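Pulled from TrEMBL:
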- B:20-265: domain 'MacB-like periplasmic core' (DOMAIN)
- B:21-44: transmembrane segment (TRANSMEM)
- B:310-330: transmembrane segment (TRANSMEM)
- B:313-427: domain 'ABC3 transporter permease C-terminal' (DOMAIN)
- B:351-380: transmembrane segment (TRANSMEM)
- B:400-420: transmembrane segment (TRANSMEM)
Amino acid sequence: MDIKPILATLGRHKFTVFLLIAQIALTCAIVCNAIFLISQRLERMAIPSYIAEHELVYLQLAFIGARPDAMARTEADLAGLREVQGVKSAMIIDHLPMSGSSSNSSLWLDPAQQMETMDATQYFGENLLSTLGVQLEAGRAFNPEEYRDLDKIDKALQTGDMKEIPTSVLITRAVADRLWPGQNPLGKQVYIGRNFALTVVGVVKGLVRPNLLERGAQYSLIHPVRLSMSAGSYYVLRCDPKDRERVLKAALAKLNALDPNRIVLDSGTWDQMRYNFFRNDRAMAGILMGVCLALLVVTALGIVGLASFWVSQRNRSIGVRRALGATRGHILTYFQTENFLLTTFGIVLGMVLAYGINLFLIVHYELPRLPLTYLPVGAMLLWCLGQAAVLGPALRAAAVPPVVATRSV
Amino acid sequence: MFGYYLDMAVRSLRRNKVLTGLMVLAIAMGIGASMTTLTVLHVLSGDPLPGRSASLYYPQIDPRDMADYEPNVEPPDQVSWIDGMYLLHAKRATRQALMTGGMVPLQPAQSSIYPFHAMALYTSADFFPMFDVPFQYGNAWGSIEDDSKARVVVISAKLNDKLFGGQNSVGKTLRLQETAFRIIGVLGAWHPQPHFYQIYMGSYADDEDIFLPLSTSRDVRMDHAGNTDCWGNGGGDNNTLEHASCVWLQFWVQLDTPQQAAAYQDFLVHYSQEQHAAGRFLRPPNVRLRNVMQWLDYQQVVPSDTRLQVWLALGFLVVCLVNTVGLMLSKFMRRAGELGVRRALGASQRALFGQLLMESGVVGVVGGTLGLLLALFGLWLVRQQPTDYARLAHMDSSMLLTTFGLAVCASLLAGLLPAWRACRITPALQLKAN
C-alpha cells in the first residue's frame, strides 16, 4: 500500500491532524506514567513480611490506671492466653510489623564517626521468632538469660548501670548486607546510641518494619528485651489460619476474665492489619486505573468522531475510487493505514512527552526512572486502540457504493 | 441578538447529536475529574483559622548534640520540656501555649457506658484565647490552675453530648485515669482543619475531646502520644521525659506585628546563644519562626498523593479539551458551505464568529453542569475511602463557581480556534465548490 496519497490527504487537514496526534501523544504519555505508578504501588503492596502472615491474631489493651505490678500481670495474661485452645504460641511485642507506629534508632559501625551508618527499627519481646514465625538463617536465637526487663533498662539508662543493658542483637539479612557486605556478620559489633555496643548473635531472613518502608523495608533489629503491658504494646497469638476468629474471641474473653478493668483498643488478624496498612496505595492504584481507562475511552471516541467526519466528507471521492475499481478491502486498508500513521506519529511524540512527565515526577515525587519496557507496551496499547476505534468508520466507508460517484453533491 | 444566537446554536447542536454528545461528555469528564481532585486539595490546604493564622507562630530551636551534625539542617519539629517551660514562662509573646497530645482512659459515671480511651490535649492556659476557642458553657482555666496542677478539665461538645446529653455539665466530675477531674468548661463548635496545632496524632484527625493542664497531665503521669525524638542517652520513657534529652512538645506563640515577630526571632537566637555558652546546646544557634500556613506547608500535611491526583486530573482535562477542539473543528468545517452562503449574503465575520462561539459556550455550560454532577459523585467516592480526611471532601460555594467558570472558559477556549478558522473561509471558494 502506497502511503504517499494518504500523507498528501492528511497534509490538507494539517490542523485537525495535529490535534489528533497531540491527543494520542498526551494519552500515551499519561498512560505510560500512570501504568508505571500503578506498578510501583503494586510492588509496594507485595513487599514480603517474612512472618507467618495468615496465622497471627493480635490484641491491644490499655490499663485504666497505673499498674506497678504490670510485669506479673503480663506473665499471668500470657499464661492464660497460651491455655486458649488452638494457640500455638503467644507473646507481647512493642510494635507489630505494618502497624504504622515504630521505634527506630541510628546504628554506627564506629562510635567516633560523625554520621550514622544506617537507621533501623527495633523490635522487643520474648518468643518473637517462634510466635511471628521469623526464620533464623545463621547463628542462634537468644538464650533465656540474655533477656532484660524494659523498665529496668530505662532505669539503667538513667543511672548508667551497664549490667542491665543487653549486649546481643539479632539482625535481618538486609541489615547484615548493608553493614558488612560480603562478610560474615556473626560476632561483629554495631553501636546503637553511640555508647552501647551490641554483638550480632544471629541473622534472620527478614522482618518487615512497622512503617517507613521507604527507608528500607527489612531494616529491623530484634533485642532481647522483656516487656510488660503498656500503652501501644500488643499481645500476639499464633494459631491455625482457620482458628483465627475463634481464638480471637476466646482470647478477648480470657483477658476480660483475668482483669475486666481495662480497655481493648484494637484487635484483629494480622492479614487485616496488612490490608489496612496499604489502603492508601490500593485507593491510589484504583484511581490511576480509572483515569487510564477514562483517557483511553475519550481518545477512542475522539478517533471515532474524527474518522466518521472524514468518511462523510470524502464520501464522494470514495465513490469515485470504488467506481474506478478499488475494492472494499482497498478502502478499508486506506483508513486503517491512515489511522496507523497518525497513531505512530502520536506514539513517537508521546514517548518523548512520557519521559518529560517522568522527569517531573522524579523531581517532585522521588519516583524512579521510567523503564524502557513501558514504551513498547504503551505503543501496542495505542495501536490496538486506534485500529479498534477506526474500524467502525472504515467499514462504513467501505460500504459506500460506487454509484455515489455519479450523483452530484 | 443573544437569544437568536442561542437558538441557532441549539439548533445546530441538535442537528448532530452524536458529535455534540461526545463533546459534552469529554468536557464533563475532564471537568468532573479536575474539580473532584481540586476540591480535595482546596479542602486539605485550607486555612484552619482564617484571619488569625498569620499572627500565630511556631518557634523551633535546636538543642541537639553534635552527632550527625550538618550545617543548615532544619531544627527539630518539637521542643523539650526544659526549653518549652522556659519559653512559656519567659512570656515574650502576646500569648503562648505549650502542648502535647495523648490518649486518656475515661471511666464514665454511668454503668451503661464502658470505659474508653478519649483523645486529649495537655496544654497551658493561653491555648483557648490564643486560638479563639468558643465556649458553650463555663470557661477555660487560668495560669493559677496551670501552676497548682489543678484537676480541672475542659471537654468537647461531642463528649458533653455523649456523657451528659448536651446539658450544662460544668461543676460535674469526670474520672480520667482513676483521678477525679472537675469539668470547668464545655467547648462550642470548633473544628480547625487541618488539625494544625498538633499534627502528630494525624493532620486531619478528629478534634480532642479532653483538654487539661499540661502540668496536671505530668503530675498524674498520663501517657503522651505522638512523636518523641531523642538524642544522646535520651530514652523515651514517659516517667522521665522532663529531664530526658528528647523533644516531644509543641509550642505556639501569638505575635501581632512583624516587629514583634522579628523581636521574638532575636529572642530565640539569644536564648540559643546563652544555652550554647552554658554548654547545654552544642550546636550553633539555629532557629525558625513559621506562621500557621508556613508551618503546614513545611510539614507537608497535604498528602503527596493528593497533589499527584490533581496533576493527573489536569492532564486528563487537557486531553479532553484537545479532543473537544478536534471535534468542534470538524463540526464547524463541515458547515463550510452553509457559512460560505451566509457570508455571501452579507453576514460579517464577527457575526459568524460570535455565533460559532455561542455554540461552544452552550457545549461548555451543558458539559459544566454534567461535570458538576460528576464532581459531586467523585467527592462522594472520595468520602467512601478509608482515609482520615475523607469526611472533609465536600464542595463549597467557591469551588462550585470555579467549576462553572472552568467549564465555560475551557469550552470557549476549545471553540476559539475552530471558530476563528471556520469564519475565515472565503465565501466564493465555498460557493464554487458546491
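Easy rule for this one: first residue shown is 1, then count along the chain.
Using N, Cα and C of the backbone, Cβ positions are placed for all residues, glycine too.
Cβ atoms under 8 Å from those of the transmembrane segment (B:310-330) belong to residues 19, 22-23, 26-27, 29-31, 33-34, 36-38, 41, 360, 363, 410-411, 413-415, 417-419, 421-422 of the same chain, restricted to positions at least 6 beyond its ends. Summarised by DSSP class, the composition of the domain 'ABC3 transporter permease C-terminal' (B:313-427) is 97 helix, 0 strand, 18 coil. Long-range contacts of the transmembrane segment (B:400-420) within the same chain: residues 23, 27, 30-31, 34-35, 38, 317, 321, 324-325, 328-329, 331-333, 352-353, 356-357, 359-361, 363-365, 367-369, 371-372, 375, each at least 6 residues beyond the stretch ends and with a Cβ under 8 Å from a Cβ of the stretch. Mean pLDDT for the domain 'ABC3 transporter permease C-terminal' (B:313-427) in the predicted structure: 84. Residues 5-6, 8-10, 12-13, 20, 23-33, 35-36, 39-40, 324, 328, 332, 339, 342-343, 393-395, 400, 403-404, 406-412, 414-416, 418-420, 422-423 of the same chain sit 6 or more residues outside the transmembrane segment (B:351-380) yet have a Cβ under 8 Å from a Cβ within it.
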